[in-house]
Amino acid sequence: MTKADLIVGIQWGDEGKGKIVDMLSQNYDVVCRSGGGHNAGHTIWVDGMRYALHLVPSGILHKNIINIIGNGVVVNPEVLISEMAQFDHLEGRFFISDRAHLNLAHHSLIDQAKERLKGDKAIGTTGKGIGPAYSDKISRSGHRVGELLDPKALCESLMKDFESNKPYFDALSIEIPPKDKILADLVRFKDVLAPFITNTTELLWRAMDDNKKVLLEGAQGTLLDIDHGTYPYVTSSNTVSAGACTGLGLSPKSIGKVIGIIKAYSTRVGNGAFPTEDLGSDGENLCEIGKEFGTTTGRKRRCGWLDVVGIKYSSRLNGVDTYALMKLDVLDGFKNVKICKAYEYKGEVIDYFPSDLQNATPIYEELEGWDSINGIKKYEDLPLNARKYIERIEELTGVKIGFISTSPERNDTIVR
């Protein structure tokens, strides 16, 4: 039986996982998504064409690869159907777990209403209903994708839920659509999605028993993990490597190589602690050059320098074997670049990631910048200062950088 390799984001998401998954997936037979929902987004550039994926695994761009949405994902059928429409001939190469939970229209309404009520204490969620969908799952009142196969029964169950929760919906000023509209939507979802709904855990086990090569595609980033991230400014699922096991039905022994994706600088969407955020011209330049606007929301990302303390923390949580360093070309032309190698925290210098990160101040090491690396494909062709930056990251983290992205294009990647 083969083991599954895993790609996981090491920062606050948006590291560039999609490009690496797309590049590596041609070497695999199966690509799986294990958690999150359409709040996550991968942007992939192929031959000048931009693909924005939110639920469908990135392996979908390769027609000989099986793609699986696992039980740990919360699935918005409307979004999924829209995304599937971009691709031809999905039968036999795309599957959705019947155990995955549904993220329906009322979940988004709840999400947005609760954020409004929080005012300046808002988390900064995407408003896509992810938290409420996971809340229903954990409180054992959610509904699963497999229930779409009987839309009438699902509709009746939903109407009972809405009736029992009417005071809650009224308090949030949420108006539930009429029953006939809900049923019509559920029937439409079933008509499109039924051929793809199956027991994906068994499907995955059979593939691994047959020695098929499997790649697990992480969503978002480790520092957004519900347990290990910067709580409460986190997502509602486990984004660490262990979450891939529960989100697909795999044992920890099933995991092979873990590839950690790190961006050459740091970004964050929404609120929460961000020690290396740069509010000056460097931060603005990183945002503009890196086109740091959310794939899902279009929101401008907060930008700053690389935080090695957070990277080391995430790497231990995930058992990272090697890194892929993304968007190194965005640093082209900076006179100097910075790496945060420690924090000043409550009068001490620390090199660990505290639970109250808002009280940490970065301690920087400054390195000389470099000219353009755009499109370079050999490590020895990189400017000396770019190589020094890469090697300093390796020294500080103790992990080798095996992949280096030098442009958004799939083929502009150095493999070491």
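Sequential numbering from 1, following the chain as shown.
Note: Cβ is positioned from N, Cα and C throughout, glycine not excepted.
Copied over from Swiss-Prot, here are the features:
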type	residues	note
ACT_SITE	D14	active site, proton acceptor
ACT_SITE	H42	active site, proton donor
BINDING	13-19, 41-43, R301, 327-329, 405-407	GTP binding site
BINDING	D14, G41	Mg(2+) binding site
BINDING	D14, E15, G16, K17, N39, A40, G41, H42, T126, R140, Q220, T235, R299	IMP binding site
BINDING	T295, T296, T297, G298, R299, K300, R301	substrate binding site
Based on Cα distances to R299 (IMP binding site), point out the closest of the binding-site residues G13, G16, K19. G13
Report the member of H42, T43, G298 (the recorded positions) whose C-beta atom has the most other C-beta atoms within 10 angstroms. H42
Check: min Cα-Cα distance from L328 (GTP binding site) over recorded positions D14, G41, H42, K300 goes to D14
Most distant Cα pair in Å, residues D14, E15, G16, K17, N39, A40, G41, H42, T126, R140, Q220, T235, R299 binding IMP: 34
Nearest to K19 (GTP binding site) by Cα, among N39, G41, H42, Q220, K300 (recorded positions)? H42
In whole Å, how far is D14 (active site, proton acceptor) from T406 (GTP binding site) when you measure between their Cα atoms? 16
Filter the binding-site residues N39, T126, G298, K300 down to those whose C-alpha lies within 10 angstroms of the C-alpha of the residue listed as 'active site, proton acceptor'; answer none if the list is empty. none
Counting across all protein chains, other CB atoms within 10 angstroms of the CB of the residue listed as 'active site, proton acceptor' number 29
Which of these binding-site residues has the least crowded Cβ, counting other Cβ atoms within 10 Å: G13, G16? G16
Local backbone state of K300 (substrate binding site), from DSSP in three classes: strand
Any idea what DSSP makes of H42 (active site, proton donor), helix, strand or coil? strand
The residue listed as 'active site, proton donor' and G16 (GTP binding site), distance between Cα atoms, whole Å: 7
